[in-house]
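Asker: Per TrEMBL, transmembrane segment is recorded for 71-94, 106-125, 131-151, 158-175, 187-217, 229-248, 313-333, 370-392, 407-426, 438-458, 624-644, 656-675.
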Amino acid sequence: MRLVPRGRFIVALAAALLLSGPGWAPWLDPRLDLWHVDDSSNHMIRLYHVRFLIERGVWYPRWVPDMFMGYGYPLLNFYAPGFYYVAWGLGTLLRLDEWEQFRAGGTVAVLAGASGAFTLVYVLWRRALPAILAALILVYQPYVFQINLFRRGDLPEALALALVCWLLLGILGQWRATTRGAQTGWFAATTLCAAALLLTHNLTALIGASLAGAWVVGLLWARPRWERLARVAAAGLVALALTAFFWLPAVGEGRLVHLDELWGTGGLDWRGWMVEPTGYTDKDHKPGNRQTPYGWIDRNLQYPHQLIATPKISLAQVALALLSGGALLGAVAQRVRGSRHRAVHHDLPREPYRLGVGRTADVFTGHGPLAVLVPLGLACWYLTFTVATPFWEHVPGLALFQFPWRMLGPIGIALAVTAPGALVLLTGGAARRWGRRGMALGTGATLLAGAVLVGNSVGARQFPLGNPTVRDVDGRIVVRDEREKYVSAGTTGNREFLPRTVEVATYTHGYPRHVGVFAKLYPEIDWLGGLLLPQQGDLRLLGWRAEPHRLAARVANDGPGEARLLVRQVQFAGWRAWVDGRRVPIDVAPYVPEQQTAPGLMVVAVPPGEHTVSLAFGPSTLRLVSLGLTVAGALALPLALTWWTRAGRTRSERWVLVAVLALSAFAVLGCWRAARPAFGRFTVAAPVPEVRDGVWRAPHLAAGGAGLVVNLAEAVVAGRAQVASTSGAAIGPDKFVDVRQLTVSDEDPLRGAPGTSRREWLYMHPTAQVSVDVALPARPQVWFQAALALDPRVWSAEYGDGVRFQVMLQPLGAPDGAAPAAPATAVPQLLLDRVVNPRADQDVRRWTPVLVDLTPWAGRTVRLTLSTSQRGDLSFDWAGWGNPVVVVADTARDFVLK
């Protein structure tokens, strides 16, 4: 039984994907070690952060609070998020972890690219074998997938290059559409494809726009139809409006970040990656480089697919380019001779294959696509050489591409379309001249081209196979990445999106100091709950609750002047602060001359009295404008489709309209969620821990979020703690236990102003004990935190041998029981035993932060006891605990390991 045209298309597409399998099958090899693929770890860590935030209700996490060592980073404010949503969606549907999500995303990218190239060529020339060749060219040739998958791990770029083929197909379909239903469907498809490209990879979107522009010019030249040009332009404008929420702030707010770091360090300067035909570069002669060091092309019979030296085009690509160029020159020569005969018409079937475009044999076939894409491919090839340096220096925006070899992407797309088209033209000419033998000759040439391509591409490939033992991407991997990659400092990049409020002087070029400087100025475990740090004034922390992008704290300023609360997030456009519901400005931590550093951290001024301080990350003014444009685009698309189909709708048109309406409604809802943090009344509440049945509880932390469970100093003041000391249970200035404020300055002069802070101090002269019964929420990351210190007045005393600080825990019962805590029967466990002797040890002449992990007892009621005891000499043992708190953290970083 003869297959119908649609059946032939499906069978041919299946054959194309099957034949492309050897090109990407190693990606699914369980032995493939993704840690040794250049950018794979960066993208998997980003996937981990994205999943973490989406699970907590942040649909579009353009600010990632746990990146940049936990100080926050506007990654997705500038980097297109599309790939991460695709991978996250696959992981959610298939229950995959980040490792498998990443591999699934790469598989989808290859399949989308292969099927896109196949479909585009099939629709152009309606021949299955050349369409299969197009898919193989895109998959097997250098860069597009072979390098982006197995060497770079840059799957967002690979997916975006795959989408370019579909964008060209959408424009072609719009141009060819003759019926109302086809026009409606292709308009929606082109709009959504262009929007997807814009949201998948910034730089490839620029490449795609250039290819699309040239494609439209070619279509206009082949058949001028101004109403079709208007439809294509309208689709592009709607796509721009739909994605304005991303690209408009990304462009407009680029001045607020260190984009110069794109090529500043880490070998990312485009000047070091130009192809030098003489081979006189350090990269060309590096050990292990198997690429031909001299010349304009790589002359290996089997292409090495490396990134040691700048990649060059392969022999197979040269052959395909010569084939395309020769066919184009032949067609031009024939046209110049005045021939009106189109060779391709002899190769077109009488019954055209239809994808909703009607009979289109005379629209943009023949050498039209070649005339557009061959010159474009040559121009991109030229831009990879050192002779193109003036263009890279003077063309605005070109330097943002970082690597000239990124031009191999559009070259690959051009060859995937033009080489099969050239074979169609040559086969048609041969068929006209020699009949069936000519057709057989053309078929043989197509098969030979595929064999040469595959032989040149697969033989010398090397994969990082190592059967990795660690596949989990979690908080430990995030912290390890920060430690090992001092250039990125936890940004999974080159710090190119680090806000300009952060400035750290570089002493040695190529060796940024961010990791060491921030660790010195602001020790990680010194931040209460990883979030807050009283810096100045008589501040007491009564309670706080934090969610991603939102924080509210109940604080009391007992001093006569303004106090300052330091927040562990970098200031960036979109952060807002309120005090008791009134909008207040956000300051930044002052410049530290001792480290030549501007930390850029947010500081909120707190007036005297008790107040609620709220912070939220929301839209900047420019983003509000962009959200408005996105809402306009989301409304314009269904309105346009409704108008075009107003005379009556077919079933397919109704389904298209329903799908578009659903997407538009989702876009409007997403825009509202993005704009909502601009209004203070949507900030999170700041509940204060409560005492019930003698047990401190924080029921609001049971479901999620981070916050304070109990402040032991406040529990002592409220009389809700058990106090035992040499002077008895009473507290006061003349007793062995008291609560007061203490200012401590680090004697290390290189810490500067951050080394001095004033904190609430639970004074406990030995021998003293303070105990509280607390219901620990059944959550991960439950900690006890404090800062140990002796009064600076005794640091240089004539006598004294320091104080012993201890933390003990005694399990009592379940936290959610209605009855009072059971009598203590379990043996107390010693969790912390630390001696602080500033008289003898200058390293502890500061606040000494300590952190005790209480997670093993999460979900239980415990008795937590702080104890200070003398050593040999009781003299000058003026000791205490700064801000002793039990907290629940909710961070993507496992910084306890530090």
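Every residue, even glycine, has its Cβ placed from backbone N, Cα and C.
Computed from a predicted structure; not experimentally measured.
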Asker: Counting only residues 6+ away from its ends, which parts of the chain sit with a Cβ under 8 Å from the transmembrane segment (370-392)?
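Answerer: Those are 210-211, 214-215, 217-218, 221, 270-271, 274-277, 296, 310, 312-313, 321, 324-325, 327-328, 331-332, 398-399, 404-405, 407-408, 410-411, 413-415, 417-418, 421-422, 425, in sequence order.
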Asker: Within this structure, do the transmembrane segment (106-125) and the transmembrane segment (229-248) have 3 or more Cβ pairs under 8 angstroms, counting pairs 6 or more apart in sequence?
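Answerer: Contact between the transmembrane segment (106-125) and the transmembrane segment (229-248): absent, because fewer than 3 Cβ pairs are under 8 Å.
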Asker: Considering only Cβ pairs within less than 8 angstroms, which of the stretches 71-94, 106-125, 131-151, 187-217 has the most against the transmembrane segment (438-458)?
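Answerer: Checked against 71-94, 106-125, 131-151, 187-217; highest Cβ contact count belongs to 131-151.
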Asker: Any chance the transmembrane segment (71-94) and the transmembrane segment (187-217) are in contact, meaning at least three CB pairs closer than 8 A with a sequence separation of 6+?
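Answerer: Result for the transmembrane segment (71-94) with the transmembrane segment (187-217) is yes.
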Asker: Six or more residues beyond either end and a Cβ under 8 Å away: which residues meet both conditions relative to the transmembrane segment (106-125)?
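Answerer: Contacts with the transmembrane segment (106-125): 9, 12-13, 16-17, 20, 23-24, 27-28, 83, 86, 90, 131-139, 144-145, 149, 155, 158-159, 161-166, 168-169, 172-173, 344, 347-348, 353, 355, 357, 364-365, 369, 413, 416-417, 420-421, 424.
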Asker: Six or more residues beyond either end and a Cβ under 8 Å away: which residues meet both conditions relative to the transmembrane segment (131-151)?
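Answerer: 12, 15-17, 19-20, 23-24, 26-27, 37-38, 106, 109-110, 113-115, 117-122, 125, 157-158, 161, 165, 303, 305-307, 311, 313-314, 316-317, 320, 405, 408-409, 411-413, 415-417, 419-420, 423, 446, 449-450, 453-454, 457-458, 461, 463-464.
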